[in-house]
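> Below is a structure I'd like to ask you about.
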Amino acid sequence: MITDTHTHLYSEQFDEDRNEMMQRAKDAGISRFFIPAIDSSYTERMLDLEKNYPNDVFLMMGLHPTSVKENYKEELAHVKEWLDKRDFYAIGEIGIDLYWDKSFLKQQQEAFRTQIQWAKEKKLPIVIHCRDAFDEIFEVLETEKGDDLFGIFHCFTGTLEQAQKAISYNMKLGIGGVATFKNGKIDKFLNQVEIKHIVLETDSPYLAPTPYRGKRNESSYITNVIDKLVDIYGLTFDEISEITTQNSKEVFSV
Ligand SMILES: [Zn+2]
């Protein structure tokens, strides 16, 4: 059993062939799909996805840092409304992204911290999006750390030192296509990170692994990531699938 802990299956990029794409993933052994939120414009699509694949998808709720703009307070209110209305499996993806735009850093920090506090109240994991912002993310985690803070550092792309720091805040590392990239760097030290800290993800439709790099990503390509981890950890394909699924159950309690 394989778990994709981060996939945007509701993306417009799958509107033409979503059923076929889902079938390819199931044929490849993926049976659990965790769905990160972005902002209110996608909520309807997420709920539709869940209606169509009720046994396969597990929804998160949250405000993505690149969607933190002038109207972020309304967007946060939307997140809170849904969190109070029904169950979700995590609060995500949340965090800080300074790659595209630095002008809302203060608001991103505030939105990140607020959503962490909601996660603690609801006893939910967080799923962190971090781009060009390790120091800023760690600064928030440092003040919020504790037994009630846990989750996944999604699409981890940092150094070994940053990996250890993320793990020290009860975070698992979400490993996907970047591990297969020639210049992805994390494959060089991942063997020094115990596999109990690793979960698998695709982040599809983004970040397709080699040999699909640059193309549309889909959940079935997670097998290329597993192949890479087989090399790195010297475990079998089934062992990697089993252990990382177990790790995902630990995080999401399902
Ligand atoms: Zn994502």
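Please read every residue number as a count from 1 along the shown chain.
Cβ coordinates are placed from backbone N, Cα and C, and glycine is handled just like the others.
Sharing the record's features from TrEMBL:
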BINDING   HIS6, HIS8, GLU93, ASP203  divalent metal cation 1 binding site
BINDING   HIS129, HIS154  divalent metal cation 2 binding site
> Whole-number answer please: how many Å between the C-alpha atoms of HIS129 (divalent metal cation 2 binding site) and HIS8 (divalent metal cation 1 binding site)?
14
> Select the most exposed residue of GLU93, ASP203, where exposure means the fewest other Cβ atoms within 10 Å, treating these as the binding-site residues.
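Taking GLU93, ASP203 as the binding-site residues, the minimal 10 Å Cβ count falls on ASP203.
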> Can you tell which of HIS129, HIS154 has the most other C-beta atoms within 10 Å, given these are the binding-site residues?
HIS154
> Would you list the other residues of this chain near divalent metal cation 1 - those whose C-beta lies within 8 angstroms of the C-beta centroid of HIS6, HIS8, GLU93, ASP203 - in sequence order?
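After dropping the recorded site residues, what remains is THR7, PRO36, VAL127, HIS129, HIS154, CYS155, GLU201, THR202, SER204, TYR206.
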> Among the binding-site residues HIS6, HIS8, point out the residue whose Cβ has the most other Cβ atoms within 10 Å, with all shown protein chains included in the count.
HIS6
> Within 10 Å of HIS154 (divalent metal cation 2 binding site) by C-alpha distance: pick out those among the binding-site residues HIS6, HIS8, GLU93, ASP203, and say none if nothing qualifies.
HIS6, GLU93, ASP203
